[in-house]
């Protein structure tokens, strides 16, 4: 994960001090890209321990079209707690947009099912895209989508994906985002009988919060370790039938975790 550490170093050295919605303050750069060859290992940060349970359960929650934190709470995942209302609702965030985007004529569009069908029937299409940025519903969302738009690409029997992330919390959020989309590529590839290719991450406002600076320096002092390997133990009938126990991460030997406050 040298790419990730190089980005963190770049933000520290070149970032512009900026105010932000949370009032915390950031060092920020605009426009950065990283490429991860998924054949080389699963891109899970090793210079601190990442909470893999949260990453997997959150993705399964998205895939189910869920926007209430009850499922997450049942599985001891607290990453969305700060944004939920008193009933646990978050409004029409990722899961709703991915699985039931509201069309003007009243239809509900299942973008992910459409992607699976496109990959199987027309893998050379340049329109294999999912968007969470629904302008008409942004004001109803507890948090506007940070990872907003992603596209799939097939070449030589390998499935690649590029994500555009309009806002990126480099220390806390980005390791989750990279691992989550890498996991999605593996799942999608399995469902479509493809090998995995690259995950390409593209960031807009890419920042370190002012209260994450010391933690970033600590992480940069650590040497990255060998990437782990993802094992999917069975092939379910559809993309939406995976369970938490279907996944093993072999050989994950990270440095200790580093605590940091969340900017809300």
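Positions of Cβ are set from backbone N, Cα and C atoms, glycine also.
The dUMP binding site annotation in Swiss-Prot covers 21, 126, 127, 166, 167, 168, 169, 177, 207, 208, 209, and the record cites sequence analysis as its basis. Neighbours of residue 209 (dUMP binding site), defined as other CB atoms within 10 A of its CB across all chains, total 23.
In the three-state DSSP scheme, residue 263 ((6R)-5,10-methylene-5,6,7,8-tetrahydrofolate binding site) falls into the coil class. Taking the Cβ of residue 263 ((6R)-5,10-methylene-5,6,7,8-tetrahydrofolate binding site) as reference, residues of its chain lying under 8 Å away and at least six apart in sequence are, in sequence order, 20, 22, 24, 169, 209, 211. Residues annotated as (6R)-5,10-methylene-5,6,7,8-tetrahydrofolate binding site in Swiss-Prot: 51, 169, 263.
The number of other CB atoms found within 10 A of the CB of residue 146 (active site, nucleophile), across every protein chain shown, is 18. What Swiss-Prot records for 146 is active site, nucleophile, and it gives sequence analysis as the kind of evidence.
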Counting Cβ atoms within 10 Å of each Cβ, the densest environment among the binding-site residues 21, 51, 127 belongs to 51
Using Cα coordinates, what distance in whole Å links residue 207 (dUMP binding site) and residue 146 (active site, nucleophile)? 12
In terms of DSSP three-state secondary structure, what is the assignment for residue 21 (dUMP binding site)? coil
Using a 10 Å radius on the Cβ of residue 167 (dUMP binding site), the other Cβ atoms enclosed count 20
Let's check the environment of residue 207 (dUMP binding site): how many other CB atoms sit within 10 Å of its CB? 27
